[in-house]
Structures are given as structure tokens and as C-alpha cells.
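Data first, discussion second: the structure below is written as C-alpha cells.
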Amino acid sequence: MRLPYSWLREVVAVGASGWDVTPGELEQTLLRIGHEVEEVIPLGPVDGPVTVGRVADIEELTGYKKPIRACAVDIGDRQYREIICGATNFAVGDLVVVALPGATLPGGFTISARKAYGRNSDGMICSAAELNLGADHSGILVLPPGAAEPGADGAGVLGLDDVVFHLAITPDRGYCMSVRGLARELACAYDLDFVDPASNSRVPPLPIEGPAWPLTVQPETGVRRFALRPVIGIDPAAVSPWWLQRRLLLCGIRATCPAVDVTNYVMLELGHPMHAHDRNRISGTLGVRFARSGETAVTLDGIERKLDTADVLIVDDAATAAIGGVMGAASTEVRADSTDVLLEAAIWDPAAVSRTQRRLHLPSEAARRYERTVDPAISVAALDRCARLLADIAGGEVSPTLTDWRGDPPCDDWSPPPIRMGVDVPDRIAGVAYPQGTTARRLAQIGAVVTHDGDTLTVTPPSWRPDLRQPADLVEEVLRLEGLEVIPSVLPPAPAGRGLTAGQQRRRTIGRSLALSGYVEILPTPFLPAGVFDLWGLEADDSRRMTTRVLNPLEADRPQLATTLLPALLEALVRNVSRGLVDVALFAIAQVVQPTEQTRGVGLIPVDRRPTDDEIAMLDASLPRQPQHVAAVLAGLREPRGPWGPGRPVEAADAFEAVRIIARASRVDVTLRPAQYLPWHPGRCAQVFVGESSVGHAGQLHPAVIERSGLPKGTCAVELNLDAIPCSAPLPAPRVSPYPAVFQDVSLVVAADIPAQAVADAVRAGAGDLLEDIALFDVFTGPQIGEHRKSLTFALRFRAPDRTLTEDDASAARDAAVQSAAERVGAVLRG
């Protein structure tokens with residue numbers, strides 16, 4: 001949000017005459033009380049002659065690819081300057097800002113007289129962006145009539161000695177998206193009296209003699225308040241004054257017409273969005289309801305938008321008048337000939353506004369405020385302020401009628417529920433002995449009503465602070481306003497014996513091992529892409545299709561929480577490949593969400609007491625399983641090309657090796673068995689077992705899945721359930737034999753469908769305790785071996801703990817291993 005320093009200072013000074021601080025000090029104060037200042041933008045600076053001019057004549061120059069105009073500009077005392085300009089948004093008689101030769105504009109751009117398009121250009125007519133007044137550079141800055149006389153100092157008229165603060169307002173502090181809210185914060189920070197610009201003393205109530213317009217509201221829409229007031233007989237030719245246009249411009253809003261400008265101005269001033277309808281274009285009764293299936297509406301930007309049944313609308317008897325809290329509709333738009341206006345101020349459901357504006361891709365200043373909640377107590381005050389301002393600017397008469405729907409039954413007290421808190425709670429939490437009365441004083445400053453009952457405070461938060469719900473929220477306010485810098489920095493003692501759990505240690509070890517093996521870790525999104533399981537071809541009853549839906553998702557097309565990590569990894573793989581990174585190895589360690597038959601939604605439990613054991617048991621039973629998974633994907637070359645050769649493409653064996661890396665890091669033994677499990681290739685997929693428990697799958701992905709998902713050919717993947725892998729106890733240090741090892745190789749021919757792991761297990765069982773290690777280093781197939789046969793060559797390492805082995809000892813163990821393999825898997829020693 002952007003706000004000018006001069007406007008903030010003016011509102012704060014109403015309650016503290018003479019108050020004045022520098023913009024730099026104000027920036028530090030805002031940061032100190034918890035508001036992030038993204039940027040401080042000084043207007044200008046300009047150096048040299050910048051003046052106000054009136055366009056006396058315009059000559060259109062032809063023969064060029066774009067519009068070019070030679071303008072005669074009166075800069076005072078009938079001094080005319082010819083200036084060449086490419087903008088077309090001004091006419092003869094308009095007041096403009098002219099930078100004369102010798103002037104230096106923001107960015108160090110110096111103006112000089114020059115020849116352009118065959119004419120002499122003696123200066124430049126400036127846009128708002130060129131003067132650092134805003135980002136709009138689509139046309140030059142046109143001042144409203146009466147803003148100044150030709151020859152007046154441009155810097156003074158524009159107020160270029162001002163500063164604009166660009167703040168990032170957090171979602172829980174919607175009240176600060178206004179001058180009213182930020183001025184109150186500054187008054188608290190400086191211990192000043194604050195005069196609320198929405199109070200009766202500043203906005204005297206207008207008379208009410210009857211309802212302004214017939215209205216019906218569907219209670220289920222979540223609307224809390226809906227107010228209407230007409231302004232009759234405004235001048236369609238009226239223009240907003242420069243002081244108002246300037247403030248809108250500095251806040252990033254373009255001025256259009258008085259009816260729209262005053263609603264935007266009051267929104268910035270008081271924080272309450274409003275909308276202006278053309279009263280003469282409304283047909284019959286206004287109503288608030290949900291959109292119907294298939295219904296559409298043409299919004300103010302001229303686009304017809306398809307609505308959802310969750311969208312809340314303002315409608316009349318003929319058409320949609322607005323999408324509630326998001327944008328008005330074209331049917332009741334205020335136009336150039338509008339004379340009667342119906343002003344509307346409503347309080348919409350924040351979740352509904354957020355959902356609608358995201359789905360329609362219609363972010364707006366009003367929606368940003370409604371998402372963060374708006375003060376319902378000032379709806380009529382904001383409406384009266386807007387109506388009075390519009391009548392002052394554009395003439396007309398404020399109708400003495402008002403429609404103010406406040407729910408059924410009507411609500412008269414908009415304050416959140418009161419909170420009880422011990423007076424010393426902030427002191428105990430902060431470890432600071434605040435002066436007596438500090439807590440009550442600070443809470444009163446933020447607008448709360450505070451009453452004492454011995455050592456207990458009863459605090460009723462103000463209507464604009466729905467975020468204050470429990471004592472901890474009140475403590476935060478006291479600590480923030482007193483200054484976080486006074487809280488002592490004390491490092492909490494770490495109790496002996498505490499540290500990472502076995503599961504945390506294992507996850508770190510696995511991540512480190514995969515990273516050292518060439519994998520790059522990503523943080524996966526917890527949501528499933530739409531239709532991913534259809535791309536994989538999963539059966540309708542596949543357990544991975546049983547997902548948990550989020551009611552208010554970050555993305556409308558991704559409401560389901562992930563039951564597997566692979567979709568997120570495969571999306572990251574596709575993005576990397578599309579950007580030229582074709583040799584990719586990624587992994588992720590994260591939770592997945594797997595609902596059960598008992599998973600269900602439960603109501604909120606009150607936070608003012610400890611939950612009962614039954615309530616805790618109910619909550620635990622309602623939660624879905626959330627096991628930790630580890631997953632990896634590989635594509636491209638696993639071994640890079642170079643002088644040694646063309647490189648080795650990724651294959652299923654690399655996925656199996658990733659399983660072994662994870663197993664070694666987990667200190668468990670795994671067994672790989674052939675399996676058929678989508679999205680893996682049925683002939684190149686292994687099911688991973690620890691003991692007799694299945695913990696996941698690995699291998700090459702199915703060619704059809706690869707093609708439909710746009711993945712590189714031969715993509716491989718692994719996914720294991722870490723929670724299904726037991727955390728082993730710390731391994732004792734092994735006894736290291738001081739005797740040398742004996743190395744021998746053995747080649748065994750087996751049927752092509754026999755897993756290499758089964759052969760290795762048979763060899764290990766036959767060789768006995770002398771076999772220290774076995775490693776497969778060659779697989780050979782060909783006519784020499786026979787059809788449907790393969791040759792597996794293993795490197796064997798023998799060692800005894802108590803003596804030096806002879807070749808005969810090793811050969812005997814090797815022969816026993818061959819015999820065992822022959823008996824178990826039908827292996828034949830290759831000659």
C-alpha cells in the first residue's frame with residue numbers, strides 16, 4: 001500500500017497540534033511497531049525550471065508512424081513555447097506541467113531545446129511517471145481547471161517536496177490499509193491523542209427520513225452490513241479538485257470522475273471500500289444473493305465473466321449490479337452523463353471475496369481490504385463522508401434517506417467478544433517490569449475498552465480489530481507498542497539430552513546421502529495437480545485417489561492434498577527440462593496426507609479452556625495419516641559425456657541404487673522384488689521390502705505416462721514410505737580384522753527373469769561368514785549365453801577375523817557359494 005507522508009502527518013496532527021517528524025524518523029517508527037516499509041519514495045526531485053502551462057494550440061504532424069503533435073503552450077505572460085509531444089490525452093485549454101530547457105527530472109534526465117520531427121521543441125510536457133508522482137506513463141499529466149495559473153511553479157503546485165511510503169501490510173492488520181489505521185498506529189507509537197477521522201466529531205451524521213432503496217439480502221451470503229445513500233443532481237461535467245487527484249495519484253489510483261474518485265478517496269482515508277451505482281440505471285429492488293449455475297456478468301472492464309455458485313452478487317430486477325467486494329458491473333456503471341448516484345457501503349465475507357477474486361483473476365484495492373476484514377461500525381460514517389464530499393465537488397444534493405441493513409436480527413454492537421487477562425501477563429511474558437498502568441494505557445490507545453477487576457483486565461477489542469481473540473494477542477499489542485527492543489535477549493537453556501529425534505536424524509542423513517550422490521533437493525508443493533492420476537491411468541479404487549480437500553485452497557484447481565510426492569517432483573522435472581537442464585536428479589523428503597475411513601471434519605473447539613480427553617481423542621481420530629515419504633526422479637544422463645565416451649543414460653538400475661542409498665542411510669537391509677504398479681513400467685518396476693513389509697516402489701516410469709506427462713524418455717522414479725522403515729538403533733563399531741582380504745570373481749548364468757538380488761542372496765548364504773562383501777559389476781546377454789538367459793558377474797571379498805586366508809580357503813567358500821546359487825536359483829557357473 002502507498003500513502004503520502006503529508007496525508008499521514010495531517011491526520012495525526014489533528015489530535016496533536018504541531019506534531020512533526022521527518023520521513024526518515026517516521027520510517028523507523030513504522031518498522032519499530034511492526035509495519036514493513038518496502039520503499040520510501042521521494043517525489044521528484046527536480047532541478048531547474050518546471051512550470052505550469054496552458055495548451056493554446058495543437059497542430060497534428062502527419063507522415064509519421066505514430067501520432068505527433070506540435071503544441072503551443074502558454075507558460076505565463078503570454079509566453080508561448082512550441083513543444084513536440086507524442087501523447088494524445090490532452091486538448092487545447094488543458095493545464096499541463098512543462099519542464100523547460102535546463103530542468104533536470106528524476107533519474108538525472110536533463111531537458112534541452114532540440115529539433116524533432118522537423119520542428120523546434122523548446123521543453124517537454126511531463127507525465128506523472130516522469131515526475132515520480134506515480135507509475136502511469138501512458139499519457140501526460142493534465143491538471144484540473146483552477147489548479148493553478150500558467151507560469152506557476154510546477155514543483156510547488158505538484159507538492160514535489162513530499163514523500164510516499166510503500167508498506168507491506170500483513171493479512172491480520174487490515175485496519176492499517178488506510179490513513180485512519182496508520183495514523184492511529186503512529187499516535188500510539190508517539191503517545192499522542194488521536195482524533196478518529198470516522199468519529200461523529202469529524203463526520204457529523206446526515207439526516208435520515210426514510211429508506212434509500214428497497215433491498216433484500218440472502219443471510220447465507222455472509223454479508224454483515226449493507227448501507228445505501230443517494231446523491232441527486234450532480235454535475236456530469238464536474239472534475240475532482242487537484243488536491244484529491246494528487247492524493248489518489250500518489251496512492252497509485254488514477255482519477256476518473258468525482259463519483260468514483262470520492263469512493264476511492266474515502267476508502268484510502270477510512271479503510272472502507274465503497275461503490276457508486278448510477279441510480280437511474282437500477283431496475284426495481286436491489287438484492288444480495290449467490291450466483292446461479294451458468295450465470296455471467298459483464299464487469300466494469302467490459303469483460304463477460306462466468307460466475308460460480310459460490311460468488312456473491314448485487315443484483316436488481318434486470319441484471320447483475322456488482323460482484324460483491326470485487327468489482328462493479330457495467331449495467332449500473334456511473335457514466336459521463338450520470339446525474340444521480342446511489343452510494344453503497346457493504347461488509348462482505350472475507351473468505352468469499354478472496355475466493356472469487358482469485359478465481360476470476362480480479363485483484364482490486366477493495367478486495368484486498370475485504371480479504372483482511374473491514375470495520376463494520378463505520379459503514380454509515382464512510383457513506384456520509386463520501387456523499388458530503390461528492391456533493392461539495394460535483395454539486396447535487398445528498399438525499400435524507402438511508403438504507404442500513406445490519407443482519408437479521410439487526411446488530412448494534414460490532415465489537416469482538418471481551419477478553420479477560422491478568423494485568424501482569426505482558427510483564428511475565430516479556431520479562432520486563434513495565435510501569436504500572438502501561439498495559440491498560442496501551443490497550444486503550446489501540447481503541448479497546450478496558451475495565452479493571454482487581455488484578456484482572458476485561459478488554460473489549462474495537463470493531464476494527466477482529467484479530468484480537470485471546471490474551472496472547474493483547475500481549476503482542478503491548479509489547480509491540482512499548483518496543484521489542486526493550487525485551488532482554490536471553491537464550492533459553494538447552495536441557496541435557498535433548499536434540500534431534502531418531503526420525504529427524506535419519507531424514508538428515510538420507511538427504512545428505514542423496515545430495516552427495518548427485519541429487520538436488522526441492523521443497524514440493526503439498527497440493528496435487530488437477531487430473532494427475534488420470535494421466536497415470538490409476539484405477540478408480542486406487543488408494544492414492546482418496547484425497548483430502550482443502551476448502552479454501554491457494555489455487556482453485558488444486559484443492560487436494562498430495563497423497564504422493566511424485567507429481568510435484570515430476571512437475572519440477574518438466575520445468576527444469578523446459579529451461580534446458582536435461583540431466584536432472586531431484587529428491588524430496590516431506591509428508592503426504594492419506595485420509596482413512598475415520599477422517600472427517602470436526603467443529604472448532606473453544607480456545608478459552610483446555611480440551612477434554614474425549615475431544616483430544618476425537619481430534620486425533622479425525623486426522624488423516626501424514627507419513628513422511630522420500631521420493632526421487634531422474635532423467636537424461638546419469639554419467640556425463642566426455643572424452644571417455646558419450647555418457648550413460650538413466651536406467652531403472654539407477655532408481656534401484658537410490659533405494660540402496662536410502663537403505664544404507666537408514667541402516668536397514670532392503671529386498672527388491674518385481675512388481676506392477678503405476679506409474680512405473682510393469683517390466684522395470686521393483687517393490688521395495690524391509691523384511692516382509694512393503695515400503696515403496698522404484699524403477700522406470702511407464703512409457704504412456706511419460707508421453708502423456710511430457711517427461712523425458714526413460715524417466716525413472718523412487719518413492720518410499722519412511723515411516724514404514726524402522727529406525728534402527730545406533731550401530732556398534734564393527735571389529736576390524738587386521739588380516740588381508742582375498743578377492744575372487746564369479747560369473748553365474750541364470751534365467752533372464754531371476755532378480756540379481758536373489759542370486760546375490762544365494763551366493764552370500766553359501767559362502768558363509770568368510771564373505772565380507774559382494775558386488776555385481778557386470779550383466780551380459782547374448783547368443784553365447786542362450787535365449788532368455790543372462791550372465792551375472794560378482795566381485796567377492798573374503799576375509800577372516802583371526803587368520804590370513806589362503807587361496808584354497810577362498811576357493812572353497814566360492815565353490816560353496818556357487819553350489820548354493822545352483823540349488824536356490826538354478827545358476828550355472830559360466831566357463
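Numbering starts at 1 and runs along the chain as displayed.
Glycine too: its Cβ is placed from the backbone N, Cα and C atoms.
Per Swiss-Prot, the features are:
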BINDING   D467, D473, E476, E477  Mg(2+) binding site
DOMAIN    44-155  domain 'tRNA-binding'
DOMAIN    414-489  domain 'B5'
DOMAIN    737-830  domain 'FDX-ACB'
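Other residues of the chain with a Cβ within 8 Å of the Cβ centroid of D467, D473, E476, E477, the Mg(2+) site, are D172, R465, L468, A472, L474, V475.
With the fewest other Cβ atoms inside 10 Å of its Cβ, the least crowded of the binding-site residues D473, E477 in this structure is D473. Sequence-distant neighbours of D467 (Mg(2+) binding site) (same chain, 6+ residues apart, CB-CB distance under 8 A): D172, R173, D473.
The average pLDDT the prediction assigns to the domain 'FDX-ACB' (737-830) is 92. Secondary structure of the domain 'FDX-ACB' (737-830), assigned with DSSP and counted as helix (H, G, I), strand (E, B) and coil, comes to 34 helix, 32 strand, 28 coil. Other Cβ atoms within 10 Å of the Cβ of E476 (Mg(2+) binding site), summed over all protein chains shown, number 16.
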